[in-house]
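Features of the protein shown, as given by Swiss-Prot:
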type	residues	note
ACT_SITE	HIS23	active site, proton acceptor
BINDING	TYR18, PHE69, ASN71, ASN117	tRNA binding site
SITE	ASN13	site 'Discriminates between blocked and unblocked aminoacyl-tRNA'
SITE	ASP96	site 'Stabilizes the basic form of H active site to accept a proton'
Amino acid sequence: MADPVRLIVGLGNPGREYEDTRHNAGVWYVDALARRQGVFLTEDKKYFGLTATFSFEGETIRLLVPTTFMNRSGQATAALANFFKIPVTQILVAHDELDLPPGCARFKQGGGHGGHNGLRDIISRHGNSRDFYRLRLGIGHPGSADRVTPHVLSKPSKADRDLIDRAIDEAVHNTADMLRGDLNSAMNRLNGFKA
């Protein structure tokens with residue numbers, strides 16, 4: 001068994017102009033998980049984000065959506081994790097993933113930032129530790145590097161958004177395994193899913 005997850009972070013950019021863009025897929029996941037748990041995210045300036053808590057098998061699980069821009073996501077994550085003494089190995093970060101198509105999602109532990117500025121800042125703010133869990137939510141690749149920024153900062157087509165939402169629903173369904181520290185079960189179940 002791996003470490004159980006105690007903090008779940010959804011990456012994105014703040015503001016209405018970004019809320020429906022691909023780069024906010026991590027926020028969509030945390031929003032869906034909060035709805036499933038019947039909790040509401042509220043602003044907490046101390047942690048530079050929107051937060052909520054719920055109980056799972058007697059443990060407190062914390063949700064966080066940073067209200068900083070993507071490249072400052074580590075500021076919020078570190079503030080909350082440090083205050084509640086949550087080790088980096090008990091953090092799950094949900095983020096958009098160019099290297100997976102819409103409709104795919106994958107849990108993993110560790111790894112680099114892959115050019116993702118939110119992950120880069122989280123790694124930096126946690127003493128260069130890469131040992132947190134990730135939920136990679138596929139948004140597809142636009143085909144060339146010069147089109148990546150416009151791609152992640154634009155809205156997906158209705159068909160792609162439906163696929164992303166179905167993958168998020170499946171990830172939410174399998175989050176309980178992550179909360180128990182059963183990474184292998186969570187990975188096997190989610191890796192077998194394709195919307």
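Positions of Cβ are set from backbone N, Cα and C atoms, glycine also.
A quick note: this is a predicted structure, and the numbers were derived from the prediction, not measured.
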Taking each of the recorded positions ASN13, ASN71, ASN117 in turn and counting other Cβ atoms within 10 Å of its Cβ, which one has the fewest? ASN71
What other residues of this chain sit with their CB within 8 A of the center of the CB atoms of TYR18, PHE69, ASN71, ASN117, the recorded tRNA site? ASN13, HIS23, THR68, MET70, ARG72, SER73, GLY118
Sequence-ordered recorded positions within 10 Å (Cα) of PHE69 (tRNA binding site), taken from ASN13, HIS23, ASP96, are ASN13
State the Cα to Cα distance, in Å, between HIS23 (active site, proton acceptor) and ASN13 (site 'Discriminates between blocked and unblocked aminoacyl-tRNA'), rounded to an integer. 7
Three-state secondary structure, which DSSP defines for ASN117 (tRNA binding site): helix
List of residues, in chain order, with Cβ under 8 A from that of ASP96 (site 'Stabilizes the basic form of H active site to accept a proton') and at least 6 apart: LEU11, ARG22, HIS23, ASN24, ALA25, GLY26, HIS116, LEU137, ILE139, VAL152
So, in DSSP terms, is TYR18 (tRNA binding site) helix, strand, or coil? coil
Counting every protein chain present, what is the number of Cβ atoms, excluding its own, within 10 Å of the Cβ of TYR18 (tRNA binding site)? 18
Measuring Cα to Cα, how many Å separate ASN13 (site 'Discriminates between blocked and unblocked aminoacyl-tRNA') from ASN117 (tRNA binding site)? 11
Distance in Å spanning the most remote Cα pair of TYR18, PHE69, ASN71, ASN117, given for tRNA: 16
